[in-house]
C-alpha cells in the first residue's frame, strides 16, 4: 500500500509523514485564521458599538448645555436629539437589505467614517459663533472700583440700549448640531443590523447569543464613558481658552452655566474614526461553523430531506446576485416579513417600550438636575458610574442566563416579559421620592407670604421694590439671608453692593427683612436638605430597576432573530431598527420635551425678545409628567404582549409538527435508498469495475 502511494505521488515513503504533517499544519492554520477573523470582527464591532454609544450618550448629557447655549426650549432639544433617528430613517431599510448581500464589514467601515464626520460637524458652531453672554448684574462693576446701587431711582441711559441684536442670529447655529446629528445617524445605520447578522451567520447557535450579549454589553459600557466625558466637560466653562476665567461670575451650580459641550464631540469624533479601521481588512464572508459529522450528514441528507432543521440555521447571501435582481425581490420580501404576526406584535411592543425608555433616558440627567437640584456635572457623573454599569451587567447576565438554561424562543419571551414587569412595579416607587419646590419670590411664593408655596401667578413688584427701576425679564438670582431666592438684586430691593463678580454681597435689601438691613449673595439658594436625604434612595432604586429590566434585553433580542426565517434575518433587524427609530427615537424626545416645557415656571428671555431656556420648573408637576408618561407607555406594551404570547405558542407548535413530518418523510426516503443499495451489492454484477462504480455513485 505504501509503495503504491509513493509511486502515485512520485515521493518516497519516508517523506509521506512530513507531507501529512504539512497538510495538517495548513488545515490548522486555516482554522486558526478563520477563528481569528471572527474574533477580530467581534472586537471591531464591539469598538464600533462603544464609539457610537459614547457619542450618543454624550449628546444626551449635553442637552441642558445646548438649551442654555442656544437659548432654546426642551422640545427643540428633542428635535435635535431625534434628528439622529431621522438619519437612520433615510437609509436603514436599503442598507439592511442590500448590505446583507454585499461586503458587510466594508459597509460598516464607511458608516463609522460618516459618524465621525457628523460628530465633528456638531462641534462646529462653537468655532463660528461669538462668546457666550449670560444675564448678570455683576457686570456693572467689572471695570469700576465703585459698586453702583442695584436699586436705582431712574433708568440710566446705558441700560435702555440692548446689546447688538445681530448676535441673536448666531443662535440659529443649532441647525449645524441638527445636521451633524442627522449625518451621524446615517453613518450608524449599518453597524447594528449588518454586524449582528454577520455574527449570527458565521458562529454556532450556542455561541451566537453569548457573542451578541457581549457586543451589546460593550455598547452599554460606551455610555459610561460618554456620561463621564459629559461630566468632565460640564465642569469646564464653554469659552475656556478664549476668555479670562477671573471674569466669570457664575458657577456650575447656576442655571445659566454652560460647560464646554463642544470639547467632548471632538473626542468622540476621533474615537469613532478609529473604529472604522479594522473593518477594511476583514473578509466578506467566513465558513459556516459546525461539527464535521454534521456537515457529512448534511451532504448526504440534503438530497432527501427538504428544509432540514440544521440547514435552516444559517443563511449565506449569494455573492453573484445582481443589483437589479435584488431590487425586484425587495418588495415581495418585505411583504413576507410584514405578514409574520409574531414579528408584528414584537415590533409594536418594542416600539412602545422604547418610547418610554428613550424619553426617560434622554431627560433623566435633567430630571436629576431640576428635581434634586444637582449640577449637570454631577448628574452626568452619576448616570455614568452608577446607572449605566447596572444596565451593562444586566445585559451580560441576561446572555449568560440564556446560555446556561438553554432558553428556547418561548422561554426567552417569558423571561424578558417577567423582568420588564418587575422593573415596572419597582418604578412606581419613584413617585414617592420627591423634593419641595425652590422658594423664589414672585414665582413660587408671594413677597407678602414667604412661607406658603403657591404656583399661582405672583407679582414681581411690591411695596419693597416699587421705587426701584427693575426689569421683570431679568434673571440674575440672589439668595437672601432669609433663605428666599429673588430674581435679581433689584427686585430684592438691595440698595448697595460690595465686592466683585461672584463674591459680590448686596446689602440694605428692603424686600429681605424688616427695615431692609439684611444682605443677599449672588446665585440661587441651595435648599437641598430634603433632597439630600431622598436622593440616595432614588439612586439605589434606579440601579435596581435598571439591572432587572436590562436582564431581558439579550433574550428579547434573540427572540427577534429566532422567530423569523434565516433569509429574512437582516431585513427583519433592519426594519425593526427603522420602525423603532421612526416611531420611538424621533417622536419620544420631542413630546417628552414638550410636556416638560409645560411645567416651566420661569422662562429666560432673549435679548431681542422671545423666550429662551427655562430657568426654573415646578418640580411636582415635572415629576408627575415625566414618570407618569414613562409608566403609562409601558402599561400599554404589557397589554399588547398577551396576544403576542398566544401567536408565538401557535407558531412554535406548527413548526414542531412540520419538523416531525419532514423528518419522518426523510427517514422513509433514506431507508428506501439503503434497501436499493443492498440489492445492488448482492447482485451478480462485478462491483469494482469503473462503470459500476460510476453507476453506484450516480444512484447514491
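Please read every residue number as a count from 1 along the shown chain.
Glycine is no exception: its Cβ is also placed from the backbone N, Cα and C atoms.
Annotated in TrEMBL:
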TRANSMEM  38-55  transmembrane segment
DOMAIN    41-653  domain 'Major facilitator superfamily (MFS) profile'
TRANSMEM  75-100  transmembrane segment
TRANSMEM  107-129  transmembrane segment
TRANSMEM  208-238  transmembrane segment
TRANSMEM  259-281  transmembrane segment
TRANSMEM  343-361  transmembrane segment
TRANSMEM  381-401  transmembrane segment
TRANSMEM  407-431  transmembrane segment
DOMAIN    458-513  domain 'Kazal-like'
TRANSMEM  537-560  transmembrane segment
TRANSMEM  624-648  transmembrane segment
**Q.** Same-chain residues at least 6 beyond the ends of the transmembrane segment (38-55) whose Cβ lies under 8 Å from its Cβ atoms
**A.** 105, 108, 112, 115, 119, 184, 188, 191, 195, 198-199, 202-203, 211, 214-216, 218-223, 225-226, 229, 265, 268-269, 271-272, 274-276, 278-279, 282, 286
(Q) Counting CB pairs under 8 Å, which listed stretch among 107-129, 343-361, 381-401, 537-560, 624-648 touches the transmembrane segment (407-431) the most? (A) 537-560
**Q.** For the domain 'Kazal-like' (458-513), the number of residues DSSP places in helix, strand and coil
**A.** 3 helix, 15 strand, 38 coil
Q) Between 208-238, 259-281, 343-361, 381-401, 624-648, who has the most Cβ pairs under 8 Å to the transmembrane segment (107-129)? A) 259-281
**Q.** Folded-back contacts onto the transmembrane segment (343-361), same chain, C-beta under 8 angstroms, at least six residues removed
**A.** 60, 337, 420, 556, 559-560, 563-564, 572, 576, 579-580, 583-585, 587-589, 591-592, 626, 629-631, 633-634, 636-637, 640-641, 643-644, 647-648
Q: Average the per-residue pLDDT over the domain 'Major facilitator superfamily (MFS) profile' (41-653) and send me the rounded value.
A: 80
Q) For the transmembrane segment (381-401), which partner among 208-238, 259-281, 537-560 gives the most CB pairs under 8 Å? A) 208-238
